[in-house]
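Engineer: Dumping the structure here so I can ask a few things about it.
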Amino acid sequence: MGLHACLVFAFWYAQVELLSVFNVLSVVTWWFGITLLEREQQSLALRIFSLEVTIHSVLVCAVIGTDYGFQFYLWAASCLLLLDTQLKLKQAVVWCAAIIVIFALTYTWFEEPLTYIDYQMFAPYLHLLNVIVCGIPMIYTIGLIREITINQQRDLETLAAHDSLTHLFNRRYAHGLIQQAYKSCINQQQPICVVMADIDHFKQVNDLYGHELGDEVIERVAQCLSQQLNNADIAVRWGGEEFLLVLPNCSQADAQKHLEQLRQSIEAMTFGKGALQVTMSFGLATWQAHCDFEEVLKQADVALYKSKHKGRNTITVAPQVH
């Protein structure tokens, strides 16, 4: 809008009254478009901006020719249409292509301008300035599309890797991380422990208090696990109320201490305005170099079963297989 305000006086000074008057209309049009943006009518505003820029560029080229570079604003107009998310892609491409065709035709249509102004010596400088100014919307559009693409890719990666309720790693994605952690520990001769954990009597929680409170229990227990684990540890929602923990560079004794802290923290939690408390059982296994993941997982699972059999809310350590 500020550019058009300057052009009102510039064209008036150059005695091109038609373009001066048209730029007054352009100022009004851009003011209206900005008002639409403030009212969150982005699509309509972008179409108005594109139409105004297209008409203005063609009119200026028709009156004073293409030496001043106003035709390059047609590229900016096409970029504005690409930002209109309510316009279907095919429609946007067609309209953008049409504007670019108009840009190419300006060199044929307006070889002889209707008016010659007395400031032809400034034409190269104004041409350069217009090219630079027109390039800004193009750079912005490409940069915005790039940022949106990167953010969408990150969101998709997050969705693919994490459980939607607990935000812990999901079972499928975790396999790769677990294997990487195992190989790293074996190569550096560090211990690594695998833990299966399960919320006790969770079916009764759902039956008595409903699934909404059940989801809250799972979510908050998962938060407790995440907060008390180290950065290198891997927490996975293995299924339902069952969780898998992989503790790299952690001895069996340290793992037991860590799990006891977790057990006590979960036991102290309350849900449903204090109406409910839950406990958690753990099965701990040390991942030996000669075992594959399925074997150590089975050991941890058997240890978890023993914890349940012993009365729950406890930790059972699987015997090491040599």
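Using the three backbone atoms N, Cα and C, a Cβ is placed for every residue, glycine included.
In TrEMBL, annotation is done automatically, which means it is predicted and not curated.
Keep in mind that what you see is a predicted model, and the values were worked out from it rather than measured.
If you look up TrEMBL, you'll see 190-320 marked as domain 'GGDEF'. Marked as transmembrane segment by TrEMBL: 12-32, 44-65, 92-110, 122-145.
Would you situate these features in the structure and describe their surroundings?
Structural biologist: A mean pLDDT of 94 is what the model gives for the domain 'GGDEF' (190-320).
Residues 1, 4-5, 48-49, 52, 56, 59-60, 63-64, 115, 117-119 of the same chain, all 6+ positions outside the transmembrane segment (12-32), place their C-beta atoms under 8 angstroms from a C-beta of that stretch.
Residues of the same chain lying 6 or more positions beyond the ends of the transmembrane segment (44-65) and with a Cβ under 8 Å from any Cβ of it are 4, 16, 18-19, 22-23, 26, 29-30, 32-34, 36-37, 71-74, 76-78, 80-81, 83-84, 87, 95, 99, 102, 106, 109-117.
Tertiary neighbourhood of the transmembrane segment (122-145): same-chain residues 3, 67-70, 72-73, 75-76, 79-80, 82-83, selected by CB-CB distance under 8 Å and a gap of 6+ residues from either end.
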Engineer: Tell me the residue counts in helix, strand and coil for the domain 'GGDEF' (190-320), as DSSP assigns them.
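Structural biologist: Helix, strand and coil residues of the domain 'GGDEF' (190-320) number 60 helix, 33 strand, 38 coil.
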